[in-house]
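Below you'll find the structure, written out as structure tokens, and then a few comments.
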Amino acid sequence: MHPSSRTSRTSLRTATRGSPTGPRSSKTTPANRLAGNTRASGVLGKIAWTAAAVVPLAFLAVFFGWPVGAILARGFVTDGQFSLAMFGEVLGESRTWRIVAQTLWMAIGGTLGSVLLGIPGAYILYRRRFPGRAVLRGIATVPFVLPTVVVGVAFRALLAKQGPLGFLGLDGTTTAVILAMVFFNFSIVVRQVGSLWATLDPRMTEAARTLGASPFRAFRTVTLPQLGPAIASSASLVFLYCSTAFGIVVTLGQPGYGTLETEIYTQTTVFLNLPGAAVLSVLQFAIVLVAVLVSNRARSGTETTLKLGEVKDARLGRGDLWPAIVTFGTIGTLILAPLVALVARSLQRGGEWSFANYALLGTSGTGFAGGATVLEALDHSLKIALDATMIALAIGVPLALVLSRRTKSRGFQRAQRVIDGAVMLPLGVSAVTVGFGFIVSIQAFAPQLAMSGLLVPLAQAVVALPLVVRSLVPVLRAIDPRLREAAATLGASPARILRTVDGPFLARGLGLAAGFAFAVSLGEFGATSFLARPDYVTLPVLIVRLLSRPGADNYGMALAAAVLLAAVTATVMVVCEKLRPRGAGEVTG
Amino acid sequence: MTRRINIVATIALAALALTGCSAADQAGGAASTEGAGGTVTILTHDSFVITDEQIASFEEQSGYTLQTTAPGDAGVVTNQLVLSGDSPTVDGVYGIENYSTQTLLDAGALASYESPDLPESAASLMIEDKLTPIDQGQVCINIDHAWFEENGVAEPTTLDDLTKPEYASLLVTMNPATSSPGLAFLVATITEKGDDWENYWQQLLDGGTKVVSGWSDAYFVDFSGAEGAGEYPLVLSYSSSPAEADGRTGVLETSCTPQVEYAGVVEGAANPAGAQAFIDFLLSDEFQSGVAENMYMYPVNSEVALPETWAQHATLVDAPIEPNLKDVAANRDAWIADWTTLFENNAG
């Protein structure tokens, strides 16, 4: 019998906390010593590990590298001649640098806001027990999948002069954009930090408190360092989302200079200035690379193996006053207010309360005589999202295992860093670049495949991949390597080690990763609008189309459809987290 | 052990879901009914609506199987044709706006075709022998009649009125770089004001005219005459919009400028005959009579009757501002860039 889940958890507890990477000096690991016994499985293991890295990278190369490379090539190669002249031209304009500054300033603001509000949020929502917690977790995630056009309308309804928050004077300001970025990304920090926090053994903190440390000091010196990897990981994700935000910048950010993303869009779609757009894309790439490198450094600096245990969450108590105020305040004002405004407006028709908009969801509405109904579009979205989630997990899980492997080989470590960066890149490239890239690469190569609409789940999987990987890696990295070595010494095969040591940790993160992948796919608009078949339209695409038509029916249906999308997403996220096996992560529901 | 069972159950459930309800079902429907004449593939913008009955009718009449692809708005459609160049993946295209036609002609992306079904009322809209007009509309400043009545202010009647202090701050319009009505209005003001257009826009912006990125934002949030009950009683929109407001709003007639949507056969297409048949179908009474209802545009065939509310509240203006399309093609990019500079300087 291999160790049951109970004993494996016990061994987690009893494993001694060593240096993060295990015994550095010994060249002969127990695994090597046993090599004679398990040579066959060793070779198999090598093949398996190589495949785990190569297959996902090949996938990324075809569905991301090729399209983007093809469009960038058109920017730099004119009449068969490679030219960098455009670089000098674009980089020489002061306007370019004002745009870069604007992009960075908004992205940093959005990231800082999300992290500062998200850490107390992770604590309250993942370490404290109170009625309605699961619902609040779900609500916090809803913004993440709402189409940005709808969020823009909801935010503007609140902030416009005649709106409830109009007195703040935020309409059309950079502050409004940053608030919207926090609205969107708060849940990434809460969930990624929270799901790690939920598994931390609280006894270290309790010990520090017994020794006289204040709650804040205990948090700063004991808990914060343990959360470091998850914080760095989620912060870099949020930064990438913020620095490539498009819809909310366009809706909320006028007037003033745009961001790199909006400028790439304008240069590509308005002026068809591919060389100019390519230079801006390279600039954006550079910012993304720097962000990934900084976050990797921050992560490896703070990474420790963690003592994970089965934790019973404490009740929400008096000592939690400040984090509770910050969290409930954030969810109440920043998250709920725009959502309530959206729901309220979806329930109004001609200034009166009515369900008329919802009654229309099963119809094509006016001006949609032949189009899909909202319910059909929801059906399409759910099917596509299921496919995309499967693909993202099939690609993401092996990648996360490869990336979380601790190794002493410099080459392997370097490879890990390169792969980690490559996985993040899809977030750093504008949807319009990817979209046109698909047209000049995959569609030109296989027109029928491109037109079948089957590329949509593949493209969405690429977009969801960074979140899947980033959700799994911090949890997997927390495994003490001595556990694996101990298992190997006892004669366990690599496959068995994977199953019994990594498995429980993997299962712990899988619900979150699947939930995120599903949510991202449900809400994806940019790539989908380029690739979806017109008769297989998804819900976000349909909502945007409804909004672009005059008429109270279409407007009302768009709002009602957005509420429907939000409700479905919140439910899916809550269910996915419930699916995590009992005993892994959290016990109380 | 329960955990193992849980995981297995989850995976089983997921596998079931994958086979049972996957997006792959969309492929089956399309491939199953291959027409006798083969497939004709049409590139359209994403507001194009064709009913199932219309598709069936076209396929029956022509013997072709129709496949449409809609990657984005009119701008994306134009760019995709230019980018595909010598190896087009589509046979025909529908939804090119009058402001983009010259770009495609210059790129040599279109083949010649003059449909025998082109109605007389549309003959003057034909561009060279390559672009067939299918539907049309007008971009106009919309006026919230009720607001002006309640506030005892006279409604503006000319473009110049808009720059006056009492009107400039009541107008919300769209960025021409991100919105096609926004571009149409910029071109209209340039057509009317000539070299003085930057001065005109400076006066609008100085007077407090609001510029937003897209039509839905302006119409639904800022306009006082629509659902959002916003603060601005003047908004840039379409001549058809008042039909939806049941006459509570109207248009500033002197501000209207035409928008025409064209179809064409793609140069080097695999099935040019199929694309030609589709263009004939777009001109048929069957399709033309659904244009207003389905796409909020007016049919190019003036013989086709409009829906009643349209006939009452939203007829086309007789003498719109007619821009010179050659000038537009030559200067469009520069105009948008100059406008952006003016706008950004004003904001900064």
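The first residue you see is number 1, and the count goes up from there.
Heads up, the Cβ atoms here are built off N, Cα and C, so glycines get one too.
Note that this is a predicted model, so its numbers are computed, not measured.
TrEMBL lists A:1-17 with the feature compositional bias 'Low complexity'.
The compositional bias 'Polar residues' annotation in TrEMBL covers A:18-31.
Per TrEMBL, the feature domain 'ABC transmembrane type-1' maps to A:100-295 (among others).
Marked as domain 'ABC transmembrane type-1' by TrEMBL: A:378-576 (among others).
Positions annotated as region 'Disordered' by TrEMBL: A:1-35.
The transmembrane segment annotation in TrEMBL covers A:47-66 (among others).
The feature transmembrane segment is assigned by TrEMBL to A:104-126 (among others).
Summarising the annotation, TrEMBL assigns transmembrane segment to A:138-159 (among others).
When Cβ-Cβ distances below 8 Å are used as the criterion, the transmembrane segment (A:165-186) is approached by residues 102, 105-107, 109-111, 113-114, 117-118, 121, 140, 143-144, 151-152, 155-156, 158-159, 237-238, 241-242, 245, 248-249, 252-256, 330, 334-335, 337-338 of the same chain, each at least six residues removed from its ends. The transmembrane segment annotation in TrEMBL covers A:165-186 (among others).
Using a Cβ-Cβ cut-off under 8 Å and counting only residues 6 or more beyond its ends in the same chain, the transmembrane segment (A:270-294) has close neighbours at 68, 71-72, 74-76, 78, 83, 86-87, 89-91, 96, 100, 103-104, 236, 239-240, 243-244, 260-261, 263-264, 420-421, 424-425, 427-430, 433. What TrEMBL records for A:270-294 (among others) is transmembrane segment.
What TrEMBL records for A:321-344 (among others) is transmembrane segment. Sequence-distant neighbours of the transmembrane segment (A:321-344) (same chain, 6+ residues past either end, Cβ-Cβ under 8 Å): 117, 120-121, 123-125, 128, 136, 139-140, 142-143, 150-151, 153-155, 157-158, 163-165, 179, 182-183, 186, 559, 562-563, 566.
The transmembrane segment feature in TrEMBL is assigned to A:384-403 (among others).
Look at TrEMBL and you will find A:423-446 (among others) tagged as transmembrane segment.
Here TrEMBL flags A:452-473 (among others) as transmembrane segment.
TrEMBL lists A:505-532 (among others) with the feature transmembrane segment.
Cβ atoms under 8 Å from those of the transmembrane segment (A:555-576) belong to residues 134-135, 137-139, 141-142, 144-147, 150, 153, 339, 342-343, 345-346, 348-349, 356-358, 360-361, 365, 374, 377-378, 381-382, 511-512, 514-515, 518-519, 522-523, 539-540, 542-543, 546-547 of the same chain, restricted to positions at least 6 beyond its ends. What TrEMBL records for A:555-576 (among others) is transmembrane segment.
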Surrounding residues of the transmembrane segment (A:505-532) on its own chain - C-beta under 8 Å, 6+ positions past either end: 141, 144-148, 191-192, 195, 199, 246-247, 308, 381-382, 384-386, 388-389, 392-393, 396-397, 400-401, 430-432, 434-436, 438-439, 450, 453, 455-457, 459-464, 467-468, 471-472, 475-476, 478-479, 538-541, 544, 565, 568-569, 572-573, 575-581, 584-585
Same-chain residues near the transmembrane segment (A:384-403), Cβ under 8 Å, at least 6 residues beyond its ends: 49, 51-53, 55-56, 59, 416, 419-420, 423, 456-458, 460-461, 464-465, 468-469, 472-473, 476, 498, 502, 506, 509-510, 513-514, 517-518, 521-522, 528, 538
